[in-house]
Each structure stands twice: as structure tokens, then as C-alpha cells.
Amino acid sequence: MEHKTGGVFKNRNLIVDLLAICFGIGTWLGVNGTFIQLPLLVNEAPEGWSLPSYLSVMVQIGNLGPLLYTVYQKYSPWKLNDGFTIHAVLAIGTMSCLLTAFFYNRTASLAGNEHSVALFILTIFTALNACTSSVLFMPYMGRFKEQYIVTYFIGEGLSGLLPSVTALVQGIGDTGRCVLVNETESGEAIYQKITEPPLFDTRVFFLILFGLMVLSYIGYTLLNHLSLAKSEYAQVTVSKGNKYEYGQDDNQPQLQQLTRGQYIGLLLLIGTISLFSNGMFPSIQSYSSAPYGTRAYHLSATLSVIANPVACFMAMFLYFTSLRIIYVLSTLAALLTSYVFITAILSPYSPLYDHTAGAVLVVAAWTLLVGIVSYTKLGITTVMRAQGGQSLVWVGAITQLGSAIGAISIFFAINYTRFFQAAESEC
């Protein structure tokens, strides 16, 4: 297995690349958009800044989708048609974004406390689309030539970047300004933080996401039916249960087969990476970066979602399938993960919290961490695709299992322990 560069536009159809990107956008768009909208949602939600941990659990309930799909495909004599199933899953995700726009702020009483019940339920259905994409969308892309996995992952990365850019235009990143409102009898100044209202509200934001989901649905429909797209299939035989057997194609790089130990090791590795990146990072990012100021928090959140598609785009030019590179990148990710966890646990008095250097470090750490994790996951997926069989289904299933364990663990750590303390933003 080796590292390769060059020939990025050779043996590929750019229209199919574009359709694969549109298809990938429809994976985590709704979930990412919900988390990016948190600075506005927490102001209305009765849960306050505990809302991210609640939403992380709702996302993991969406794992019932891939679980039921996998069990049905394995044990039922009647197999689901992937094409029709993807249509249904994308339709659920699209309608969830539309309904969230109108019902996100509806609350109800549960166990004597007010909760954002409508947002919770709609997040579950939005997550159903996102989580099922791991065991359905990604294996579907396995029938295309290997290079289109990369552009699909670029689309998946854009499912985080596009909502982030929309939020920046909306004005969520406004850190506000402190205005003198009064003075005490002793002459001490009293300041109040004033934040400009967003350019448009949360309803418009989710309607924009709805439009992007419609675009993704159209992209998949064309990808699934156009003869132009079907001409880019790999030499592969797909049997029931998403079992892939690849033939020899002189235009495709040939990868060595993994040993049983390497195969299991890569599955455990991507499960562990997903436990942190999908399950824990969304919940701890505010605790990690908020002590350094509102600007640092928004920069870390924005740049980290930009890092995802940028890393996948780099993979088009810096293609690698080396296990050694995967292990080195995983070690770097582990070191950065340790740092962001330290800053989160020590909040609100994180290391260098009152220095500019601390803010720079935490923003850089989050950006590099998400970029390295995205690049590593793509490398593992590429290697596993070449193994054939149900490898991509296993990658998707282990990814979601790790994500679920991580989200549930961090939910209890945030809400039922004193490990994480929120930093208050003051003048």
C-alpha cells in the first residue's frame, strides 16, 4: 500500500463527481445545521447550554435506522432495494428540515420540566437520514470507481460547511459589544453586552437547509438513473446484502488484501475515531473553546467544519492507502483529542484562558483535529472498500456503534457529573 499523487482528473467524469458531491451533501446536513444553529437555539430552549448533549442523544436514537436496516437485510428473505430505500431515507431527511423550520421552538412538559420536544423528535428523524447513510449511502457508492468515494466524502464534508457558511451570513458569529449603561454611586461603570440581531431567523435557516436537501435528492436521482453515471461503475458484482466482489480494472489502483488482524484493527480504529469525533466532539466543543471568548468559540466551530471538506479535497491530490500513514495520523489525532478534552474538563479556567495564545491554540487544535480525523477516516474507508464483501457495510455499522457509545457516555458525563462547567461570557 502506498502514497500517490497526480493524475487527479484522469479516468473520471466531472459530472458524476458533481452528482456524488450533491448526494454526499444530503448525509449529515440536517444534523450539522442543527448544531451550528445552537447559539440561537440555546437562547430559546429551556435546556440552555445542556441542549447539545440532549441533541447528541437524539442523534444516536437515529441509529435505530441503520440497525433495523442491517438486521432486515441479513435475516429477511425479501431484501430491500437500495435505490428505493435511499429515496425514502432522503425524503425523510428533507421533510425533517422543512418541519424543523416551523416547529423547532415548540416545547412540552416532561417529568415536570419544560423540554424542546418538537426539536428532539425532528432531530431523531433528521438523524435517521444521517445515521442510515453510513450503512446505505456509502456502500451504494462502492459500485462506482474508487475515485468517486473521495468526491462523495467531499459532499459529506460540505454537509457541515454549507450550514456553517449560511450561519456566518446569518450573523451567528457576532460576538457582540459591551455598552456602558449606567454607573454606581461610587463611579463604577456598569456594562451590558449588546448583540446585533441575526440577518434572518432560525426558520429561514432551516428552509435553506431544506432547499439543499432537495438539491441532494435530485443529485442522487440523476446519479442512480443516468446512463452517464452508470458508465462509471467499477467492475463489480453486487449480491444480496450489499456484498461486493470487485474484478480487475487496469485503470484502478490495486490494493493488497488485509490480514484478519489488520481488517479487525481498522474496524476498531474507525469505531474509536467515530466514538470521539461523531459522539463526543459536538458536545464538548463549547466547553473547550468558550473559556477563550465568544470569538474563539465561533472560530473553532466554523474552521473545524471547513477542515472536513478541505481534508477530503486534499485526498484527491494526496491519495494514500498506507496503513503506516493511517496509524501516524491516528496518533496525532489522539494527542489533539487529549488537549481539547483537557481544555473542556478544566473549563472555565482552561490553560491560558486569559491569553491570546490560548485562544489561538484551541482554535488551531480543533481545526487540525477535525481535518486529520476526516483524512484518516477517508483513508480507512478507501482501504476497506478494496477488500470487497460487506466491508463498507461493516465500516458504516462500526462507525455508528462508536458514535452511539460516545454520545451516550458524554451525555451522562455532562449532565450527571461535575466534570464539565460552562464558561459564562461577560463584559
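Placed from the backbone N, Cα and C atoms, the Cβ positions cover glycine too.
TrEMBL: automatically predicted annotations, no manual curation.
Here's what TrEMBL has on this protein:
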type	residues	note
TRANSMEM	12-31	transmembrane segment
TRANSMEM	51-72	transmembrane segment
TRANSMEM	84-104	transmembrane segment
TRANSMEM	116-137	transmembrane segment
TRANSMEM	149-172	transmembrane segment
TRANSMEM	204-223	transmembrane segment
TRANSMEM	263-284	transmembrane segment
TRANSMEM	296-319	transmembrane segment
TRANSMEM	326-346	transmembrane segment
TRANSMEM	358-380	transmembrane segment
TRANSMEM	392-414	transmembrane segment
The recorded stretch from 12-31, 51-72, 84-104, 263-284, 392-414 sharing the largest number of CB pairs under 8 A with the transmembrane segment (204-223) is 12-31
At a Cβ cut-off of 8 Å, and with pairs 6 or more apart in sequence only, do we get at least 3 pairs between the transmembrane segment (84-104) and the transmembrane segment (358-380), yes or no?
no
- Item | In contact by Cβ distance (the transmembrane segment (149-172), the transmembrane segment (51-72); 3 or more pairs under 8 Å) | no
| query | Does the transmembrane segment (296-319) come near the transmembrane segment (392-414), with 3+ Cβ pairs under 8 Å (pairs 6 or more apart)? | reply | no
Sequence-distant contacts of the transmembrane segment (263-284), meaning Cβ under 8 Å and at least 6 residues beyond its ends, amount to 35, 52-53, 55-56, 60, 323, 326, 330, 333, 337, 340-341, 344, 369-370, 373, 376-377, 380-381, 383-384, 387, 394-395, 398-411, 414, 420
Top stretch by Cβ pairs under 8 Å to the transmembrane segment (149-172) (candidates 12-31, 116-137, 358-380, 392-414) is 12-31
